Structure formats: C-alpha cells, structure tokens
Amino acid sequence: MFWRKHVRILFTVTLIWQAIHLGKGREKEHEKDVKNFNDTAQKQSPKNSVTIIDAFSDMNQSYQSRKQQNSREFVPFTGITESKNLNRNCCQNGGTCILGAFCACPKHFSGRHCELRKCGSIIHGDWVMKGCWLCRCLYGTLKCLSQNTQDGCELRREEEIIRLYSNGLRLQQTMSALICLLTFLLELCCWQL
C-alpha cells in the first residue's frame, strides 16, 4: 500500500514535468518566431527607398530587353492567378500540392494526386511470393531473388502473388500500444487507491 503512494507521486511528478517541459518548448519556439519575424521586418524595411525603386526599374528594363531579344522562346503565363481558389490539399500520401491541381510525389508514390504506390498494394518492406520467386517491395520497386525458392514451380502462374507478412513494423506498433495501455492502467489503478 505504501509503495503505491510512491508510484502515484512519481507518476504525477513525471506528468507535471513533461507538461512544463513541453510548455517551455512552445514558449521558446514562439520567442524564436517573433525574433525571426522582427529581424525579417527590419531587413525588409526600406532604408533608402530611391535605391530600391532604382533597382526594380533596372531589373524591369533588363527583363524587357531580354524579352524583346528572345520573344519567340517565351510563352506568357495564363494560368491560375487567384490564390484563394487554389486547392492546397489536393495531394495524398505526403505529396506537395502545386497550383492546386498537380502534385510533387514522395519517392514511393506516383499518380496525379500521389494515390498510386509503385509496388501496387504491397507495402514497403513486405516479402511476397511471385510465382516461384521470393520478392520484396523496396523503395517503390519489387525486387526478386534470382534463385527459384520452390520445387515444381513450373505449374504455378507467374502473376500469382502470395503475401509473406513481415512482423517488424507491426511489432513496433504493438509494443507502443501495449506501453500506452500499461501506463493508462497503472495510472487508473494508482488513482483509485
């Protein structure tokens, strides 16, 4: 009974310490953001407005002269001009939305909205049997071992894929869930006593 009070106190102190630590981290981030914003505002404040205007006019003049020299090579942009109408959530699986309609996809995905996995329905790192060969989806491509893994494979079809599930990622997820559940139950038991 006496040790349960110590566990309860230790657990409470740990939670309070984490809350304080996270709060300080957010305050530091906010201070950094404010400092960066102030620094940027000071850098962008016009110290000599005549110099800035002259620089812009020089840039425009040089652009106009280049445009006239190579007018055949340039196509005017007639695309979307109002940023309010752009769909900023057009991509899936962590893709970057470009102009509200196109996506720059991460390594293992493709398609207009990053909806297609390059290995199909096979998750990165999983082993599968494709015909007579043992294959693994690595970085978006299905890599197969060069040797035949079974006898009498000539009778099987090449397109047949049998999944061999790897337990590595699932084991990590299960352990995390069990630790969270154990922590919750320990807290519940300690508070009821």
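The chain as shown is numbered from 1 upward.
Including glycine, each Cβ sits where the backbone N, Cα and C put it.
The model shown is predicted, which means the values in this text are computed figures rather than measured ones.
Noted in Swiss-Prot for the protein shown:
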type     : residues      : note
SIGNAL   : 1-25          : signal peptide
CARBOHYD : Asn38         : N-linked glycosylation site
CARBOHYD : Asn60         : N-linked glycosylation site
DOMAIN   : 91-115        : domain 'EGF-like'
DISULFID : Cys91-Cys103  : disulfide bond
DISULFID : Cys105-Cys114 : disulfide bond
- [ ] Measure from the CA atom of Cys103 (disulfide bond) to the CA atom of Cys114 (disulfide bond) and give the result in Å, rounded to a whole number.
- [x] 7
Open item on the list: I'd like the Cβ neighbour count for Cys103 (disulfide bond), meaning other Cβ atoms within 10 Å of its Cβ, all protein chains included.
Closed with: 21
Open item on the list: I'd like the per-state residue tally for the domain 'EGF-like' (91-115) from DSSP, helix first, then strand, then coil.
Closed with: 0 helix, 8 strand, 17 coil
Open item on the list: Taking only same-chain residues 6+ apart in sequence, whose CB is under 8 Å from that of Cys91 (disulfide bond), what do you get?
Closed with: Cys97, Cys103, Ala104, Cys105, His113, Cys114
Open item on the list: With every protein chain in view, what's the tally of Cβ atoms within 10 Å of the Cβ of Cys105 (disulfide bond), excluding that atom itself?
Closed with: 21
Task: Protein Cβ atoms within 10 Å of Cys114 (disulfide bond), excluding its own - done: 21
Task: For the domain 'EGF-like' (91-115), mean pLDDT (0 to 100) - done: 78
